[in-house]
């Protein structure tokens, strides 16, 4: 029986390309090579596609995916040249141009099956402002917030923050993930510099009420109504703010899996996670991040449509705790991708 082709797209144009490479390397090592051949394509910061490596067996420990200068010495290809009949694409891409619907639309034009969110779920979860409106509509609780726009009067935005929120607040670009461009602001004097930093990444910004809370995460897997959620895990930090470097570079966090919460609270988190996932028409996978306060209030922080996927990332570890290994999780995601593709193609008839 011939092997199936799994195409890994990694790198990308966003500030989160380093996370993408780490995730893609983990996937290439964990793939079931009795079932798959893995072909890898690097997307440069400029958006160019480069065919890099091909694996028919588990790579050696020291083998790395080609990136940056090394990859760019390879010939560039037309993006459409990644097409291969019956292949499944795993877009291991984070942030803009990766989990915002852009690459998903491109893959649908090519009529390729792909792992993860569709155009709608990717774009709606990537945009923090739009996502907040959707989650409000279905009754999933969130912390108070103020929307800010780069072309508006910044003094008026500051006044709205003073009237509606209490410091500390968190300033977040609306269309970015992995804590890139996010600042914790403890007083009014620091608000404008934080907004200026966020505007580097998006002209639309969310200013959220800070809460003294535990950070609890829940992994979701499935398509349509057939959706499963894990027992939650907890992010335990050695730093005051769980920023990009503490997440991926400095290793200043640890995770408790499963989280030490009551059965009732775990069930509430699972139900909110599934409700949020279905509200944005989730497909394949998502990681839903929550705040849980000392008095038991639960607030949805965000839904990550393509969560970090290294072998030490929360998403696969949550499923491992439920008895689904990293390698089996990848196979399940491929099967879900093929199911979604078949449904989409049938709807076009």
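Just so you know, glycine gets a Cβ as well, placed from its N, Cα and C.
Pulled from Swiss-Prot, these are the features on record:
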type	residues	note
BINDING	162-217	ATP binding site
BINDING	289, 302	Mg(2+) 1 binding site
BINDING	302, 304	Mg(2+) 2 binding site
DOMAIN	132-335	domain 'ATP-grasp'
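Positions of the features from Swiss-Prot, shown on the structure.
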| residue | record | DSSP class |
| --- | --- | --- |
| 169 | ATP binding site | strand |
| 176 | ATP binding site | coil |
| 183 | ATP binding site | strand |
| 190 | ATP binding site | helix |
| 197 | ATP binding site | helix |
| 204 | ATP binding site | strand |
| 211 | ATP binding site | coil |
| 289 | Mg(2+) 1 binding site | strand |
| 302 | Mg(2+) 1 binding site | strand |
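Residue 289 (Mg(2+) 1 binding site) has a Cβ environment of 21 other Cβ atoms inside 10 Å. Cβ neighbour counts within 10 Å, taken over all protein chains shown, single out 302 as the most crowded of the binding-site residues 190, 197, 302.
Nearest Cα neighbour of residue 204 (ATP binding site) among the listed binding-site residues (289, 302, 304): 302.
For residue 304 (Mg(2+) 2 binding site), none of the binding-site residues have C-alpha atoms inside a 10 Å radius of its own C-alpha, out of 162, 169, 183, 190, 197, 211.
Around the Cβ of residue 162 (ATP binding site), the same chain contributes 188, each under 8 angstroms and 6 or more positions distant in sequence. Neighbour density at the Cβ, taken as the number of other Cβ atoms within 10 Å, is lowest among the binding-site residues 183, 304 for 183. Following the DSSP three-state reduction, the secondary structure of residue 162 (ATP binding site) is helix. Here the Cα atom of residue 176 (ATP binding site) is found 15 Å from that of residue 289 (Mg(2+) 1 binding site).
Ranked by how many other Cβ atoms sit within 10 Å of their Cβ, the binding-site residues 176, 211 place 211 at the bottom. Each residue contributes its Cα atom, and for residue 211 (ATP binding site) and residue 289 (Mg(2+) 1 binding site) these two points are 14 Å apart.
In this model, the domain 'ATP-grasp' (132-335) carries an average pLDDT of 92.
On the backbone, the CA of residue 289 (Mg(2+) 1 binding site) and the CA of residue 197 (ATP binding site) stand 23 Å apart.
Here residue 302 (Mg(2+) 1 binding site) is positioned 24 angstrom away from residue 190 (ATP binding site), judged by their C-alpha atoms. Residue 302 (Mg(2+) 1 binding site) sits 16 Å from residue 169 (ATP binding site), taking the C-alpha atoms as the reference points.
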